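Would you mind keeping the following structure in view while I ask a few things?
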Amino acid sequence: MMYHIPGVLSPKDVARFREQLEQAEWVDGRVTTGAQGAQVKNNQQVDTRSALYAALQNEVLNAVNQHALFFAAALPHTLSTPLFNRYQNNETYGFHVDGAVRSHPQNGWMRTDLSATLFLSDPQSYDGGELVVNDTFGQHRVKLPAGDLVLYPSSSLHCVTPVTRGVRVASFMWIQSMIRDDKKRAMLFDLDNNIQSLKSRYGESEEILSLLNLYHNLLREWSEI
């Protein structure tokens, strides 16, 4: 399943990020890519050795960790260190698949269950640059407002189309979920959403408490932590 997570960053935060990223040191994006991805990748990334990068990636982590919808959809166990990329002048990233595991500075290794892209450019400010994701439901083309995030299974083939006008800047990361299976995670997300909707409409009740108990028992049964 693919999820649109709106408002991870406020417009004020996005503007500040963009201003700081204009001063960043950018390097060839292939430095963080395996052999397969390097053949089709043509973009730039913020140098991870810079002090600015360290500050910005911490802000992204704080923002997603405080976003209730992100937590409900991803049920995160481990988040990768966020990275930042830039596309301009027909730069693109052809179809590829993300690696199944990645190194992690604290945990050693993490499994990539979900991929996330946090858009930092106004979609009207550039042409092209759509994130295209192929999954069992077909092909999806994603180009979200600045500050919004998209979550999708890391097992999906995906690409970024050429940016033919303007500049596309984004942050991206991977998530190891407490729930490895996409279908089980999607069922828990739907159950959680319906519980919250019923609670807001009717208030607390024995039936809602029973559903909440079911949610947590399923999470207890399926989670890997």
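Using the three backbone atoms N, Cα and C, a Cβ is placed for every residue, glycine included.
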Which one, HIS67, HIS140, HIS158, is listed by Swiss-Prot in the same Fe cation site as HIS96, ASP98?
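For Fe cation, Swiss-Prot names HIS96, ASP98; of HIS67, HIS140, HIS158, the listed one is HIS158.
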HIS96, HIS158, ARG168: which of these binding-site residues has the sparsest Cβ neighbourhood within 10 Å?
HIS96
In angstrom units, rounded to an integer, how far apart are the Cα atoms of ARG168 (2-oxoglutarate binding site) and HIS158 (Fe cation binding site)?
17
Counting across all protein chains shown, how many other Cβ atoms sit within 10 Å of the Cβ of ASP98 (Fe cation binding site)?
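By my count, 20.
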